[in-house]
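Visitor: Annotations per TrEMBL:
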DOMAIN    9-120  domain 'XLF-like N-terminal'
DOMAIN    123-171  domain 'XLF-like coiled-coil region'
REGION    221-257  region 'Disordered'
REGION    272-310  region 'Disordered'
COMPBIAS  288-299  compositional bias 'Low complexity'
COMPBIAS  300-310  compositional bias 'Basic residues'
Amino acid sequence: LESSLLTQPWASVCFGESAFLAKACFRDTGYILLISDLSSVWYESADAEAVGQRSKELNKRLTVHVSSFLHHLCKLMCPLLAGQPDATTSFSCHHTAGGLSLHVKSELSGLPFYWDFHCCPAPVEMVSCHLVRPLIRMSLALQYQVQELTSLLLQKDAEIEDYRESGAALSRDRLRTEPFQEETFQQNFMAESLPQICSAGEGQAFASALRQLYAAVTQQEAKQARKRQHSETAGHPHPLPPSQEDETASSSEGTMVSAALETASLYQWQDGACTSLPSSHPNPPSSSPAQKPRLPAAKAKPKKAKGLFS
């Protein structure tokens with residue numbers, strides 16, 4: 001659930017007059033919800049047993065399986081996170097002592113349906129994982145994107161200037177543009193666009209394009225984490241069992257062994273790595289003159305008797 005929640009983008013939701021950022025993940029085994037007002041971050045993680053117990057307390061007239069209950073909760077929350085809340089479902093929240101409570105009221109099988117999310121303050125590690133690190137990576141990605149677009153604009157200006165010097169002219173004068181000046185653009189952005197962005201409100205923190213960028217950044221982070229875990233696991237090979245070491249040692253002490261086993265007896269496993277034996281190893285195969293291969297003696301060919309017709 002936690003790894004699946006990481007790749008879920010934040011969504012802007014409103015409860016009354018308050019704007020929040022929220023993300024959630026539902027499975028048959030439970031759910032996890034993360035919500036923030038950019039001043040505090042709260043979360044709740046509930047397994048199937050906790051969901052079943054709470055459903056009995058809030059919905060005594062409903063007798064459904066826990067997985068169906070979780071599926072219905074997912075159907076209620078997904079439209080809200082997608083910006084299309086269901087008119088038949090109402091959400092409200094209020095701050096509790098050290099937490100946040102989210103109330104849901106809807107219908108299930110023609111009967112009233114109630115649910116409460118009891119959220120507690122999120123730990124620092126969760127806030128860093130879901131907000132701080134992804135936002136830093138998103139800002140770096142956007143900075144590289146601006147640099148590439150700036151370079152592309154300068155190339156386009158050089159191309160247009162070359163056309164003008166060759167005698168080309170615009171068929172519609174309204175399409176004429178001034179050469180791009182990066183410093184002037186930055187000054188105008190800081191003076192005009194930035195105040196409008198900052199006054200848009202906290203609920204507009206993640207637009208649709210930024211949600212896609214957030215999902216892409218967190219997917220790359222999860223992929224790199226899996227690669228690091230795989231490399232750490234592959235970096236510690238398992239040594240040979242003691243029984244195999246004994247068999248290898250006993251086979252290397254015998255005489256008249258094949259050349260492959262003679263070569264293999266020069267190595268042993270030490271601390272999980274294969275290292276060559278020192279020169280003091282008893283009876284190394286290469287130092288025994290008796291074991292050197294000998295060429296077979298050539299057989300004398302029988303001489304033919306010379307006769308009259310030889």
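Any Cβ shown, glycine's included, is placed from N, Cα and C.
Caution: TrEMBL annotation is automatic and unverified by curators.
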Visitor: Tell me the residue counts in helix, strand and coil for the domain 'XLF-like coiled-coil region' (123-171), as DSSP assigns them.
Guide: 42 helix, 0 strand, 7 coil
Visitor: Give the residue counts of the domain 'XLF-like N-terminal' (9-120) per reduced DSSP state, in the order helix, strand, coil.
Guide: 27 helix, 56 strand, 29 coil
